Amino acid sequence: MADALHLLGAIHLRGKQPALAVKCLERALGVKQMLEPESLEANPSSWQLGSYLALGSAHLQAGAPKAAAESLELVVKTLQERKGDSSILASAQHSLGSAYRALGQHDQSMQCYQLCLELRESQGDGPQLVSVLNNLGAQAQQLSRFQEAAAFYRRALELERKHLGVEHPASAATLGNLGIVLGQLKDHQGAVRCLEEALQVQEKELGSHPSVACTLHNLGNAFAASGQGTAAADCLLRALRLWQEVQHRGGSCEDIAATLHSLGNVYRGLGDPGSAQRCFRQSLQLREVLLGYEHPDTARTRHCLALGCANTPREALQELQAVLGSLQVSLGSGHPWTLQARADADALSKEDVR
């Protein structure tokens, strides 16, 4: 019975039905524990480790990273002690890295991905390295280690182009991620080149797709950072139209809100405060509903709206002080958004005194 439940759980996991997979795998482990009560914690069998590995993946899919980490930590610890199968250990390390990442434990996540990479490299330089390299790139970005992130993405891109081809959507996605990192490294022209190339492939291979809208959004931001405001507005407007078109296929109101926020900043830079105000207000309306009034993204839009759209400097100052308090709670006093809100509030406070 335990074997049948394990198999059924694996089928549900492959079928993207994580809740059913969790139920089956937990029941399978429960049956096995009744049959072998001493082995589960002290000396789990290979069968049990396989079930725990699958259970960890199912919890991840179900949005329960803490439960996933508990299962996967047992697998990793046991395999390391036994010097077990390196391919299974690599898979467990990769999944555990994803669980830590979802929990916000970014240093631990990075360590897991790096251990996974070492294990995968010992097995050859094949396509199985791509996902861990991309995850390492994303995790390095999260830790603001942008040079490392760029190196990971470049290596992943090289492998994807070798095994999948230059015009494969996966290669384009990695190229787009590299473009974002180059922007974070202040190489704005390099960012634009990568994102334009990624967009060309995605439009050809995917047509109207959420990935295309995402790349248009990122390209718009790259154009804005490079001082090309008109090109930025064009990209963001295209992204906005496409987000609205593909909402039922993976786009979301959150994506629309983010693009409206970016478009508001572009219009403000182009000297069009009326259009900027409309974009910020629409973005704020969506973010307050979707994320809540105190969420950092909501506070960021409130910040931008206060700067350009308040009726008086005193109203702007009051709103910025409220934004500052919100950001200090959610992001801390040293976060760049908090520091910018404080600087803008201080500047307005001095104007008010004068």
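Every residue, even glycine, has its Cβ placed from backbone N, Cα and C.
According to TrEMBL, the features are:
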type: REPEAT; residues: 90-123; note: repeat 'TPR'
type: REPEAT; residues: 130-163; note: repeat 'TPR'
type: REPEAT; residues: 172-205; note: repeat 'TPR'
Mean pLDDT, the repeat 'TPR' (172-205)? 97
Excluding the flanking five residues on each side, which residues at least 6 beyond the ends of the repeat 'TPR' (172-205) place their CB within less than 8 Å of a CB in that stretch? 130, 134, 137-138, 141, 146-147, 149-150, 153-154, 156-157, 160, 166, 211-212, 214-216, 218-219, 221-223, 225-226, 228
